[in-house]
Amino acid sequence: MRMSDLGASGTTPFVEIERRDWAALAPSAPMQLTERDIERLRSLGDPLDLDEVAEVYVPLSRLLNLYVQGARGTRRAASEFLRHDIAPTPFVIGVAGSVAVGKSTIARLLREMLARFPDTPQVELVTTDGFLLPNAELERRGLMQRKGFPESYDRRGLVRFVSEVKSGASEVSAPVYSHLVYDIVPGQAVVVKRPDILIVEGLNVLQPAVGGRLAVSDLFDFTIYVDARTADIERWYVERFLRLQRGAFADPDSYFHRYADLTEGEAVARARSIWAEINGPNLEQNVLPTRGRASLVLRKDADHSVSTVLLRKL
Ligand SMILES: Nc1ncnc2c1ncn2[C@@H]1O[C@H](COP(=O)(O)OP(=O)(O)O)[C@@H](O)[C@H]1O
Ligand SMILES: CC(C)(COP(=O)(O)O)[C@@H](O)C(=O)NCCC(=O)O
């Protein structure tokens, strides 16, 4: 297999693995997912199929399982050294990347695949949008046009949540966000009960700490950055907006219901302007700069297929 360094040899912390070489890493793994599972897991407009799962995500889930086993081995060795049993805590995986890059499909798929390994049957998934400040608070702080920017989150709450999970707490809950109503759902929570693995998915999970405090990225055991060309991501965003406009926006409860009757041209213009004002600048200023902090980067082509995997050297 050919593995080349990124850039000038020796100057990057990643090894770059082309799709063909990556796909060959798990040729004989039994494929337990069916077409129907994939339909259930993929987000609106995501073309994920069985081939993509077999060639990209089967090897990825096997690699992640090795890292989980590695962490358990380290814990056992440290326990022997200390002559004191260190209690196991969930292995925490962060999944980062732009709005509309397809993080949620990947996170849901990994959850399903990792739970099929006999040593990690309990896998939970939490998305960081639950830690967005409620709209009323965003309005008070003048941040309604900054949704998804680091300052639009209850960052302390998110760090507290992951810290508690990583401390081995038996039950930790997180708030829930609704894309439909575009706000936090009062009174609703997801409860995480000491799983084998916790996946935390969100735009900003790789952000470094501010002012010497702890960041959620300090608590991850492994992180994945989902990467693609900005022009492709913007197109995916606009295409998804059009699909939503024909579907979810028709619901009177949808925050975007007022866009339900736009012509296609008007809807494209609206989506482009939301991209230009919010999601594009956030990608450029906050999300993309964190890519180099990931343990692994999945680089997607214009059709969402992964073309290259970058894995941090050990
Ligand atoms: N306005 C909306 N109404 C309903 N669902 C939405 C809306 N915007 C995004 N979604 C859904 O929310 C999920 C997360 O989207 P997003 O944060 O853009 O991340 P990604 O595309 O990387 O998964 C996706 O499944 C998407 O289809
Ligand atoms: C909810 C989001 C901030 C994503 O949050 P995440 O789960 O990545 O923390 C984003 O999908 C969003 O709604 N952005 C605001 C601009 C827009 O409507 O596209």
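Keep in mind that glycine also has a Cβ here, set from the backbone N, Cα and C atoms.
Just so you know, TrEMBL annotations are computer predictions that nobody has curated.
So that you can see what the record holds, here are the features copied from TrEMBL:
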type: BINDING; residues: G97, S98, V99, A100, V101, G102, K103, S104; note: ATP binding site
type: DOMAIN; residues: 92-229; note: domain 'Phosphoribulokinase/uridine kinase'
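Cβ neighbour count for V99 (ATP binding site): 21 (other Cβ atoms within 10 Å of its Cβ, all protein chains included). Other than the site residues G97, S98, V99, A100, V101, G102, K103, S104, same-chain residues with C-beta atoms no more than 8 angstroms from the centre of those residues' C-beta atoms, the ATP site, are L203, V226, I233. Per-residue pLDDT, averaged across the domain 'Phosphoribulokinase/uridine kinase' (92-229), gives 97.
In this structure, V99 are the binding-site residues from G97, S98, V99, V101, K103 whose C-beta falls under 6 Å of some atom of ligand 2. Secondary structure from DSSP puts S104 (ATP binding site) in a helix. With respect to Cβ neighbours within 10 Å, the binding-site residues S98, S104 differ, and S104 shows the lowest count. Under the DSSP three-state reduction, G97 (ATP binding site) is assigned to strand.
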